């Protein structure tokens, strides 16, 4: 009897160990985090995002593990992500509700929105119903650069949350005191980043020397106009004076020509008058000589006076 009881206990233990080992072998849910999440970019995956405190996630856990045991038969990989340990992935995949399930095929992401049942999961994969689901757009793809930046912000938020917990729980600061510390730190960091940004801009695009004011430019333009006008006026004056000089010269030449003509005509008339006067004087002299008595003889001086040009002219004028 004792040997039978001992044999039955040993057999029970062996069966229990085999069952546990088989369950562990069948449970092939891969735990993904921020270090190994790139594995889902190759092949076909079904990935669950959960949190330990989420009631719906707790209800889905056994179903998801059972679905994971069929991963080899379905030729897919089944994964799970704890958002409390990997906040960056929750931001990268824009997880706004828990649990959230994604289907991934060669880096193409689609969000599963069907019922949370093992048979539904299996038919979704076997019948390729995921082809009917809309693909996540490129700007929202978890592998894009912008979503990587969003993931870093989510990480920073978790760090700040842990710092807030330390300040309140460990150091005994009130909640408003912790918020005040964060506000001052934000102002300081913002000022520091602004200073660094200004220095970079000044280094890349150095400021140029200030140019002349627009008023000064206008004055200079006016001065240039005045200079041009002053330069143009003498030229115009010179032209006008030259024209006037030309006119005066032409007028002077005309007057000179008239005077020369008048002088020539006057000379001709003078010559004619002088000839006529000379003829008249000769006639008078002849008449006077005839009238004179034989005994009266004039002196040579009187004859010279009578024959002088002045007397001849006087006589001509009297006549």
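Glycine residues also receive a Cβ, built from the backbone N, Cα and C atoms like all the rest.
All TrEMBL annotations are machine predictions without curation.
What you are looking at is a predicted structure, and each value in this text was computed from that prediction instead of being measured.
Residues or ranges marked as compositional bias 'Basic and acidic residues' by TrEMBL: 237-250 (among others).
What TrEMBL records for 251-261 (among others) is compositional bias 'Acidic residues'.
If you look up TrEMBL, you'll see 262-274 (among others) marked as compositional bias 'Basic and acidic residues'.
The annotation compositional bias 'Acidic residues' is assigned in TrEMBL to 275-292 (among others).
If you look up TrEMBL, you'll see 21-130 marked as domain 'Thioredoxin'. For the domain 'Thioredoxin' (21-130), the predicted model reports an average pLDDT of 88.
Here TrEMBL flags 212-319 as region 'Disordered'.
Residues or ranges marked as signal peptide by TrEMBL: 1-25.
Residues annotated as transmembrane segment in TrEMBL: 179-205.
Here the transmembrane segment (179-205) has long-range neighbours at 160, 164, 167, 173, meaning same-chain residues at least 6 beyond its ends whose C-beta is under 8 angstroms from one of its own.
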